[in-house]
């Protein structure tokens with residue numbers, strides 16, 4: 001501990017023009033590439049520690065962040081990090097929702113790419129320290145892609161023509177949020193392993209103008225609930241949540257194939273703080289609209305209903321409002337063919353019996 005404090009002080013003194021990270025070395029990282037780690041790594045990190053690193057690639061550049069090792073005290077469930085954690089924020093602002101909080105030995109996805117600044121925060125409590133973490137980063141100017149850490153490799157690839165720079169916004173489940181091209185795939189974080197709690201992921205699928213998106217779920221197991229109010233996958237027919245909601249899905253049976261009305265679909269995956277499953281994997285294709293039947297969207301006068309499908313898969317889907325309830329029947333379900341209800345039949349039989357009794361007595 002004394003050795004780390006001594007080295008920490010020396011590092012801070014040697015970087016007078018840059019605030020210290022709290023783990024030794026500067027807080028702000030502005031080089032094209034670099035590395036950083038928890039204090040003392042690979043020895044156990046100190047207790048009651050807060051460290052920050054702000055990766056600032058410069059205007060118009062993208063950053064690839066990779067964790068090469070992780071051993072941080074966690075909770076009792078995967079990705080439950082109530083004690084020590086490494087938290088990543090897109091945009092360098094800790095007041096925004098984090099891209100993810102990581103602990104134990106669950107190394108974050110290797111393809112965390114961000115447009116602009118990235119903030120990494122490491123915190124530890126007063127007990128049970130691990131060896132910590134080490135991470136590296138590299139930056140580039142689009143359309144060139146950042147080179148993986150420590151790998152000079154061949155010349156960087158270029159972004160596909162349909163994919164704008166904003167494609168490098170992280171989805172929240174690993175990989176880019178924006179997906180484009182004639183085909184592609186994506187999945188929940190850690191699939192087919194159990195997905196983390198309290199997580200939010202989103203994907204914007206865009207195909208060529210004049211085409212439509214066909215979306216198929218190849219595997220699907222999301223926490224079961226009658227109204228999908230815990231964990232769920234939502235699909236919108238357009239570029240965001242202001243577009244029409246096609247459906248909200250949960251359970252263990254893959255939804256039917258979904259076809260957009262235009263060139264974009266927006267997919268959101270939300271999880272709560274309990275009871276996780278293996279999640280899902282999905283694939284999309286650009287298709288000729290003349291050869292596909294677009295998934296029906298609700299009209300403007302609609303309400304939510306809950307549809308239960310075979311195998312325990314539950315879908316919350318916007319559907320037409322049901323008719324006003326008939327006062328003579330329950331829930332507006334009038335018996336077929338104009339037949340009377342069982343209550344009405346019993347009532348009529350009782351009245352007939354009373355009439356017979358009255359005649360006999362008089």
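Heads up, the Cβ atoms here are built off N, Cα and C, so glycines get one too.
Residues annotated as compositional bias 'Basic and acidic residues' in TrEMBL: 1-11. As annotated by TrEMBL, compositional bias 'Polar residues' applies to 295-322. Sequence annotations record features per position, and here TrEMBL assigns domain 'CUB' to 23-140, 173-287. Taken from TrEMBL, the feature region 'Disordered' applies to 1-35, 295-340.
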For the domain 'CUB' (23-140), what are the DSSP-based totals of helix, strand and coil residues?
0 helix, 54 strand, 64 coil
Helix, strand and coil totals (DSSP H, G, I; E, B; other) for the domain 'CUB' (173-287):
0 helix, 59 strand, 56 coil
